[in-house]
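Student: This structure is in structure tokens; I'll ask about it shortly.
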Amino acid sequence: MADVSEKERDEVNCAVCMDKLTNAKYLKCFHSFCTRCLEHCVRNLKVSCPLCREVTSVPRGIDSLLPNLKATRRVNEAKVRARIETKIQDSGCQCGSCKELGVICLAKSYCVDCEMLICDTCVKAHELLKMTRSHRIIGVLDFQNGVPVDEGDDVREVGVLERRCEKHGSPLTKFCRPCHQPVCPQCALEEHPKLNDHECVSIVDVEGKLAGELKQLLSKIDPNHFDRVANSYKQRLKNSADKAQELKAKINESAQNEVASIYAKIEAKRVDLNARILDIEKVSSRKVAAVLSGIRRLRCRAEKLEGYANELLKTGNPSDILAVKETVTEHLKDIRAEMRKLTSDDSEVDDLDGYTFTPTDWMSANYEPGVGRLEAPTLRGQGECSVAGVFKRRTSTRMTRTTQRPQSALPRLSNTRSLIN
């Protein structure tokens, strides 16, 4: 019951102002709002639904939209119920007409037009008098038992569906043919006179014809037609999905095969490049190891010679010093010469310093599967050595470097100069 009440509350409440729907109108999406709220949403003769954002054109204004009769009926029913409850509480369910005559009797009905609780006698009097014969009567007992006000075949008689003129409050009993809209008798005289080519007739006279025209229009709506069209598009959607699945499977298979082929080529070149670099590194390591061994040997000689010279300076006499000075000097010169020879010929050591690697440009127009370019330093008398995936020398003869060896290529013996100088 809570869900039903909440649903009913949503049906009669405006989602914009959050109040009861007033003169509710349907947009094209069949969301309903108050006329006044919709008027604030008009932009360039168009209204964007506050809930779903679907646009509805209103070239003739908000009043031209379909009225929400269901919401109007529920709102009016709520108003009628509120009035009846107030009357019952205030009068103790006594007949208002008899009470004015000083007679107290139980009221069993409520006259919507008189807004008064009345007894059975007064109900009969209403039915006899011409001026009250058309008044709308609601049973109090039915109301107290929770029977909806609009339930039954007497909905129109109850007046919940009856629309009234917003300007005069009178029932809309006339119909203007040129304007094609219902009006009250006073509006028919003031705003729809015959002098202005308006033809107003009783709404009862045209009700049957208009209802017949509406039924004829509704008969042309074939729900099966919508189903057939929807099913055809569903089939097209299924066929498209199946075709897309087939094409994607072929594309994925082709891509996987191509990726495997490219990966195999790249992997082979990667292995070859790493092997070449490993070979260069091994050769370089052997040469560097030989240089380091020579440096250690010369350093050992220099340290021993230094120790000998220091000991001589401490304990030897001048004649001893003078006797060996020339020999010590020759030893130092010999160490310096060997050190210079050992460290000056860097071309013997290819330690990969100066080599560069440029990754493959995947966006290049001439792209071929590969790892990249390994480029050797520029050598005297030769062009640049490079490979794309595989390293190759352009000549088998020794290449002498023209570029100066970087200072960090080989470590120098830090104390050699101090020993010699």
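Glycine is no exception: its Cβ is also placed from the backbone N, Cα and C atoms.
These figures come from a predicted structure and were not determined experimentally.
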Student: According to TrEMBL, which stretch among 40-90, 295-345, 346-396 corresponds to the feature coiled coil?
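Tutor: Going through 40-90, 295-345, 346-396 one by one, TrEMBL gives coiled coil for 295-345.
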Student: From the ranges 174-201, 230-257, grab the one TrEMBL calls coiled coil.
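Tutor: In TrEMBL, residues 230-257 carry the label coiled coil.
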Student: In the same chain, who gets a Cβ under 8 Å from the domain 'RING-type' (14-53) while lying at least 6 residues past its ends?
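Tutor: Residues packing against the domain 'RING-type' (14-53) from afar: 59, 62-63, 65-68, 71-72, 75, 78, 166.
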Student: Determine which residues of the chain contact the domain 'B box-type' (165-203) at the Cβ level, with the cut-off under 8 Å and only residues 6 or more beyond its ends counted.
Tutor: 23
Student: Mind checking how the domain 'RING-type' (14-53) divides into helix, strand and coil residues in DSSP?
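Tutor: Computed counts for the domain 'RING-type' (14-53) are 5 helix, 10 strand, 25 coil.
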